[in-house]
Each structure stands twice: as structure tokens, then as C-alpha cells.
């Protein structure tokens, strides 16, 4: 990511890093960071616990900075997720086991999908702004309960954790996997049926294609403005 294209990401990263540094000092000393002198800070930096905390803090900050850089690269992120899914599928196919892990992973992915397709404000619970139902209504993009980036990150992390678990045979519980597959398919169909009924009842589509433009007397144009989904 070129510097300056997403300045808000850089600012948030710096603010997050300074806040984590203050919390780290206060956690190690039990005192507010502003009350410590220079000698206290120098003696604090020589302890093994502080060294480990600084190393873990540096790693977590680099990791968070890497995630911030991947935000605009939607296609590459999902391609990497697809590669992780394929690696896990090959692993399970070769060992012919760990069906309980795969079933639990499928249930978790189904819950993520429902959050991705659901609006942030559920009209059944809250009386908030609704999506436009007519062409004359004001354009409002669809705001998800689970944003696209968190949806991708949760899926990728779940498959990575499940892949690591396949190397511990304590999780390889012998089960008849066709029953689990049939049960998951039934659960998927029932859940999606309820979600589609919710979409039809409240007249919304979980995707934003952009705002319709008008070209003078010619009426509405088929062109759309590129607006973010979130």
C-alpha cells in the first residue's frame, strides 16, 4: 500500500501503538506511566518480563500493521483464503479423519455467513433507518452486522486453527461422517430459508451496487457510482 492513499489507517495504527505502549508500562509497574522517572523506565527495560512484553508488543503491532495494509486488497485476500481452504481440505482428505473438527468448522462458518448477510440494525428488534424500497427513496448502502474484512479474517483464522488441530489425533473422534454432512446440509437449508424470508419481509438485499444516476431528461442511467459496501 502506497503511503498517503489510506491516511486514516496510518493514523489509527499510530494511535493504537501509543496506547498499547502506555498500557504496557502501566501493566509492568502498576503505576500511571506519567509518574515514572527516567531511571524507573531504564530499570524497567532490563527485566526479562519487560523484554518479552516488548517483543510480543512489537510482533502484534507488525501483525496489525500487515492486516491494515490488506484492507483495500479484497481480491488477493479472498484468494489467499481459498488457498488456505484447499490446504485444509487436502489435509482432511489425506488423513481420512477429523470429521468432528470439520463439522464444527462448518457450523461456525454458517454463523459467520448469517452475520455477513444480516443488516447491522435488525428491523425486528430496533427501530432504526431502513433500506430504500422504492426508486424515489434516498440511497443508503447496506451496512452489515459482520463487515467484509472481519468475515474474511474470521474464516481464514478458523481454517488455520482447524488445520493445526488436525495434527493432534486426540481430536480425531471416530464418527459416521455422512450423518454429520446430512445434518449440516439440513441446518444450512433451514437457516438460509429463514434468512431469505427475513430479506423478503423487510425488503432488503445484502449487497450494495451503488447509487443510481440521472442523465437529465433521459431518466435514470444504468451507470452506478462505486460505493463501499461497509
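Placement of Cβ uses the backbone N, Cα and C atoms for every residue, glycine included.
Whatever TrEMBL says is automated annotation, not expert-curated.
Taken from TrEMBL, the feature transmembrane segment covers 74-94 (among others). Listed by sequence, the residues of this chain that lie at least six past the ends of the transmembrane segment (74-94) yet keep a Cβ under 8 A from its Cβ atoms are 102, 148, 152, 155-156, 159-160, 162-163, 166.
Summarising the annotation, TrEMBL assigns transmembrane segment to 100-117 (among others).
Taken from TrEMBL, the feature transmembrane segment covers 151-169 (among others). For the transmembrane segment (151-169), the list of distant contacts is 67, 77-78, 80-81, 84-85, 87-88, 91-92, 95, 97-98, 101-102, 105, 108-109, 112, 115-116, 144: same-chain residues at least six beyond its ends, Cβ to Cβ under 8 Å.
Under the heading transmembrane segment, TrEMBL lists 175-192 (among others). Remote same-chain partners of the transmembrane segment (175-192), defined as residues 6 or more beyond its termini with a Cβ less than 8 Å from a stretch Cβ, comprise 99-100, 102-103, 106-107, 110, 114.
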